[in-house]
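What TrEMBL records for this protein:
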REGION    1-23  region 'Disordered'
TRANSMEM  98-117  transmembrane segment
DOMAIN    107-255  domain 'Sodium/calcium exchanger membrane region'
TRANSMEM  138-157  transmembrane segment
TRANSMEM  177-204  transmembrane segment
TRANSMEM  216-234  transmembrane segment
TRANSMEM  240-260  transmembrane segment
REGION    270-298  region 'Disordered'
TRANSMEM  335-354  transmembrane segment
TRANSMEM  397-416  transmembrane segment
TRANSMEM  428-446  transmembrane segment
DOMAIN    431-581  domain 'Sodium/calcium exchanger membrane region'
TRANSMEM  452-474  transmembrane segment
TRANSMEM  495-514  transmembrane segment
TRANSMEM  534-552  transmembrane segment
TRANSMEM  564-583  transmembrane segment
Amino acid sequence: MPRVKRGSALHPRPAPGSSWQGQGLHPVGATGLWMPGWTWAPAGALFGTPRSAPQCWEVRKHNSSEWCRFVRSNPDCRLEGGFLDYLEGVFCVFPPRLLPLAVTLYALWLLYLFIILSVTAEKFFCPNLSAISTNLKLSHNVFSLTFPLHGVTFLAFGNGAPDVFSAVVAFSNPRTAGLAIGAIFGAGVFVTTVVAGGIALVKPFTAASRPFLRDVIFYMVAVFLTFVVLYFGRITLGEALGYLGLYVFYVFTVVLCTWIHRRQRGEGLPPPGHWEPEMPTDAEEQESSGTNSGDYGEEYRPLLPSRETSLRILRAALSPLDYLKWRRKPWYWRLFKVLKVPVELVLLLTVPVVDPDKDDLNWKRPLNCLHVLTSPLLCILTLKSGAYGLYQIQGVFPVWGLVTLVGSILAIIIFITTSNEEPPKYHCVFAFLGFLASAMWINAAATELVNILRTLGVVFQLSNTVLGLTLLAWGNSIGDTFSDLTMARQGYPRMAFSACFGGIIFNILVGVGLGCLLQMTSSQLVVKLEPDSLLVWILAGALGLSLVFSFVSVTAQCFQLGKAYGVCLILYYLAFLCVALLTEFRVIRLSAS
């Protein structure tokens, strides 16, 4: 196919406000909207169609011998970002008779990507956020005030990082925006029904009235705002900033209400950890990512301190297994740990972790010196799938080579000027470096996740919306589900219930606001969010209805929540899921008017 030069005299870019159809041109893209960087070609130049190229999901309508040619020549089948071309892999690398094998391998890789997201967020992203908040002196006046609400500021950013990064990646491409909408709304319905109902089933309790009403009202406002945006089919710069502004106002309201409440009661601020349960968010029971088999607790430490060599410190720091814990854990924990070991090992090599709760702040001199080299390399080789890292300066020296040279010099200087026993004064800088490196890991995994889901949607001819509200929403919510139910079983149902409504406010406001804001450019300050089917409206309506149901029923029960409330919520989600799937397969559809 001949390449068409953009902006040439033969095929000029249409003037603003002009109709490209009238010029005999059509955009090489997924939709009929011009976006910066698209190529304009004569109408009918692609696949013999006078208007636009066929959509990628139509590949299954063709003969299996034409699948590969269709995918390679159709612009709608191009995956944005990512390191692997999953569409070309499933339709070109695997023969048609092995399509079930390819789908099975993709499904396993999809599950492993969820593990990568979970491990990165829990053991590297959140600890570094905690260290940053401590260094910024926010641990007492923000972190402690908002922890019972599970995620208003830094904690919400840590727990919601996979959701937000997935939404940002999905919003970056108009063809996958349905994934973000489906995931954000789908996770909202799942958490406010299944998780909240499960908490009530596990341990009936009395909900905190004012925090519950505040969170539900803010969440209903966020859902209504998104409903309006979907109705008009676009989101402007002001509306995207409005999402972020609403979250800032929510944080301010939480802090102000908590301060007023405690001042009325005449109580001072509780000391950090006074109310915090001894509750591991993972089966590893607060095992720090920077500690391992070399740190067994006070009873295993030698009476006389001895200086360890740098080689032994490095070997112990890179061991993701605690052998004492391994022996007393059940077989299924060991199996899951084996799956996580490769991920943890790579993360330990590339992401530093600062732990303010330890005397040495988790300072591992040889490993931290290595991080000075590996973390910047990770950042440039994962940004835009390594496009920036492979760029050559003046066409001679690659960027990754320059980063390697500078990082090696800094690592040698730090190693010479520090000791194994005491962290340097600038050790807090490693928390920011670890935050950036773990964010790049999450972004890279989220990009692959979105591309795989889009590929599965093409294979099974499913919309992005249904994939978002099922697979993506379930995968991103599974960690919160286990942690909230564990909190409830350990006697903290009010905290877990607040998490169901407080944490997901961050996901919808920051996910939509930041995702659309990053998609906007200087020449395109409007993001199109046209619903692709009736399913989007059912999804938005189901979320709004579940919030109204909880708002009315919880208030009517005087905030006494029992098993009947939990059963009703779970039945509601099952009914919603049935209606959503029936709509996706066109059993339920609007009659033509």
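Cβ coordinates come from backbone N, Cα and C, glycine included.
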Residue distribution over DSSP helix, strand and coil in the domain 'Sodium/calcium exchanger membrane region' (107-255): 129 helix, 5 strand, 15 coil
Beyond the flanks of the transmembrane segment (428-446) by 6 or more, those residues with Cβ under 8 Å of it: 83, 113, 116-117, 120-121, 124-125, 127-129, 131-132, 135, 161-162, 165-166, 168-169, 347, 350-354, 368, 371-372, 375, 378-379, 382-383
Tertiary contacts of the transmembrane segment (397-416) (same chain, 6+ residues out, Cβ under 8 Å): 365-366, 368-370, 372-374, 376-377, 380-381, 388-391, 424
Recorded stretch, among 240-260, 335-354, 452-474, 495-514, maximising Cβ pairs under 8 Å relative to the transmembrane segment (216-234): 495-514
